[in-house]
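What Swiss-Prot says about this protein:
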{"type": "SIGNAL", "residues": "1-21", "note": "signal peptide"}
{"type": "BINDING", "residues": "Q49, H153, N198, E199, Y343, E413, W458, E465, W466, F474", "note": "beta-D-glucoside binding site"}
{"type": "CARBOHYD", "residues": "N80", "note": "N-linked glycosylation site"}
{"type": "ACT_SITE", "residues": "E199", "note": "active site, proton donor"}
{"type": "DISULFID", "residues": "C218-C226", "note": "disulfide bond"}
{"type": "CARBOHYD", "residues": "N357", "note": "N-linked glycosylation site"}
{"type": "ACT_SITE", "residues": "E413", "note": "active site, nucleophile"}
Amino acid sequence: MRGKFLSLLLLITLACIGVSAKKHSTRPRLRRNDFPQDFVFGSATSAYQCEGAAHEDGRGPSIWDSFSEKFPEKIMDGSNGSIADDSYNLYKEDVNLLHQIGFDAYRFSISWSRILPRGTLKGGINQAGIEYYNNLINQLISKGVKPFVTLFHWDLPDALENAYGGLLGDEFVNDFRDYAELCFQKFGDRVKQWTTLNEPYTMVHEGYITGQKAPGRCSNFYKPDCLGGDAATEPYIVGHNLLLAHGVAVKVYREKYQATQKGEIGIALNTAWHYPYSDSYADRLAATRATAFTFDYFMEPIVYGRYPIEMVSHVKDGRLPTFTPEESEMLKGSYDFIGVNYYSSLYAKDVPCATENITMTTDSCVSLVGERNGVPIGPAAGSDWLLIYPKGIRDLLLHAKFRYNDPVLYITENGVDEANIGKIFLNDDLRIDYYAHHLKMVSDAISIGVNVKGYFAWSLMDNFEWSEGYTVRFGLVFVDFEDGRKRYLKKSAKWFRRLLKGAHGGTNEQVAVI
């Protein structure tokens, strides 16, 4: 009897080992030397999401302060970024975390209103803000971490919104140029990678079409409680001004600073990757149009000096602005690298073009969905918009290479969220799976010949996630918002540490290999 029991126990044990091994084998096993020797690994945050100290040391309000504090109902949990991760006061601890994990670089943004509280040079420079960023940059360099700086990550000074409508005003372009030049002057001796704008498409889409993000504008027929707006015209004006602002910032950097500071400058663009809903010709064209209205919307002007033909042919009634010959020339080649922010993929379905209630979204004549025949494109994350589909990052990189003359690329954001369950949770195997599968796809793209130079995980730590507030967590580091903003390394941070030291990554959770 005892022998039968031991035999049964052995069979159960072997079966469990087999299941565990099967799960383990689904995660790619990566080493740092699977990537080029000079490949940069880093992590990323943004100013409003993590700095806090929103009303301290002379910082002026941004549109995100106004949006979240005056209209808390527009944030899922009624929160704001006034304290956030308190990185303004805890930056040394954050730099130590980057060093401890083993990252080469840190991508962060500068709060425009922290150094120019009224948004303009005429309104005065806040020396305390300059000092903060000098201290952060110097601390990073002292730990061997490269600063990779974004100039504008959505937090426009509120003074400019009030003065001329912010991104809707032509004045924005020159004000951004002046702000960018101030940053080049103050920090460019140490900062060698600059990003002008982060995700201009998100600013256009969620700030002026859906109204989900500051300044919260949309058409009344879309959402009656929007703070004004016209989603048929304003998005195109905003996108145009953002492109021109990018162009003038790159121009001043190249003409006055690049030769001596020896840095490089680019832009960070985002999109889901779009797959045809069916094999029909109409749906294949719809997938192309969907990308034209998101990623190509900004790539086409900065590579070729024009808007994508799909936009030109679909946006009626003169609503799509045009570039002057001088503007077109300025925009052509206005990058040393392109940042790619990728999280998820979608199916694109051709639909009839709208004849009423027109928005920039309806102009594309595409319906974007996350499932086909009842089957999601990939497993769901903490946010309903994030369906996990690693192959999309490779296909997006290939698109950038072959349509846009093989540019230098960085993955400037890639990550996954989980719901905030209200207690310390460090065993984030889902996040490890996400990173492993996406990094494998990046490695595959490099082996095909895509010129990817680096990868930044979003995010270094849990932070204020815009309209979702603190209801979801993207971080490699857990932040306890109830206990002094204490930081704890999650399992994913330790996985990265092993990867960056050359060990295989991997535990026993799985995500479908796609």
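Just so it is clear, glycine is given a Cβ too, placed from its N, Cα and C backbone atoms.
Sequence features, as recorded in Swiss-Prot, placed on the structure.
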residue : record                        : DSSP (3 states)
Q49     : beta-D-glucoside binding site : helix
N198    : beta-D-glucoside binding site : strand
C218    : disulfide bond                : coil
C226    : disulfide bond                : coil
Y343    : beta-D-glucoside binding site : coil
N357    : N-linked glycosylation site   : coil
E413    : active site, nucleophile      : strand
W458    : beta-D-glucoside binding site : strand
W466    : beta-D-glucoside binding site : helix
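The shortest Cα-Cα distance from N198 (beta-D-glucoside binding site) to any of the recorded positions (N80, C218, C226, N357, E413) is found for E413. Cβ atoms within 8 Å of the centroid of the Cβ atoms of Q49, H153, N198, E199, Y343, E413, W458, E465, W466, F474 (the beta-D-glucoside site) belong to the same-chain residues A44, S46, N341, S459, site residues excluded.
Scoring each of the binding-site residues (Y343, W458, W466) by how many neighbouring Cβ atoms lie within 10 Å, the top position goes to Y343. Contacts of N357 (N-linked glycosylation site) defined by a Cβ separation under 8 A and a same-chain sequence distance of 6+ are given as S219, F221, Y222, in order along the sequence. Neighbour list (the residue listed as 'active site, proton donor', Cβ cut-off 8 Å, at least 6 residues apart, same chain): H153, W154, A268, L269, N270, N341. With respect to Y343 (beta-D-glucoside binding site), the closest of these recorded positions in Cα terms is E413, chosen from N80, C218, C226, E413. Taking the C-alpha atom of W466 (beta-D-glucoside binding site) as reference, the shortest distance to any of the recorded positions N80, C218, C226, E413 belongs to N80. Residues near N80 (N-linked glycosylation site) in space but far in sequence (CB under 8 A, at least 6 apart, same chain), listed by position: A54, W64, D65, S68, E69, P72, F464, G469. Counting every protein chain shown, 25 other Cβ atoms lie within 10 Å of the Cβ of C218 (disulfide bond).
Take the Cα of C226 (disulfide bond) and measure to each of the recorded positions Q49, E413, W458: the nearest one is Q49. For the pair E413 (active site, nucleophile) and W458 (beta-D-glucoside binding site), the C-alpha distance works out to 5 angstrom. Annotation for Q49 (beta-D-glucoside binding site): same-chain Cβ neighbours under 8 Å, separated by at least 6 residues, are G81, A84, D85, S459, N463, F464, E465, W466.
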